[in-house]
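Only one structure is covered here, and it is reproduced in the block below.
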Amino acid sequence: ARDAYIAKPHNCVYECYNPKGSYCNDLCTENGAESGYCQILGKYGNACWCIQLPDNVPIRIPGKCH
């Protein structure tokens, strides 16, 4: 497991807008992570960051989102 931006197919992040909201935590835990939160103005803009996301779940890697 690792801490990372969870990715949709095609290497795109899940955008989020409310750092206090539960959207990212729900998304991350549904995918097996310990927790997650909305990182505002991070490397990929406002995106969901997951803590201890299982290795089989795709994460945002360098390169284009397409």
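The backbone N, Cα and C atoms fix where each Cβ goes, glycine too.
Assigned with DSSP, the residues of the domain 'LCN-type CS-alpha/beta' (2-66) fall into helix, strand and coil as follows: 8 helix, 28 strand, 29 coil. Summarising the annotation, Swiss-Prot assigns domain 'LCN-type CS-alpha/beta' to 2-66 and lists sequence analysis as the type of evidence.
Per Swiss-Prot, disulfide bond is recorded for Cys12-Cys65 (among others), and the stated evidence type is experimental evidence.
Swiss-Prot lists Cys16-Cys38 (among others) with the feature disulfide bond, giving experimental evidence as the kind of evidence. Listed in sequence order, the residues of the same chain lying 6 or more apart from Cys16 (disulfide bond) and placing their CB within less than 8 Å of its CB are Tyr23, Cys24, Cys38, Asn46, Ala47, Cys48.
The disulfide bond annotation in Swiss-Prot covers Cys24-Cys48 (among others).
Taken from Swiss-Prot, the feature disulfide bond covers Cys28-Cys50 (among others), and the record attributes it to experimental evidence.
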Query raised in the report: How big is the Cα-to-Cα gap, in Å, between Cys12 (disulfide bond) and Cys50 (disulfide bond)?
Result: 14
Query raised in the report: Around Cys28 (disulfide bond), which residues of its chain at least 6 apart sit with Cβ under 8 Å of its Cβ?
Result: Ile6, Glu34, Ser35, Gly36, Cys48, Cys50, Ile51, Leu53
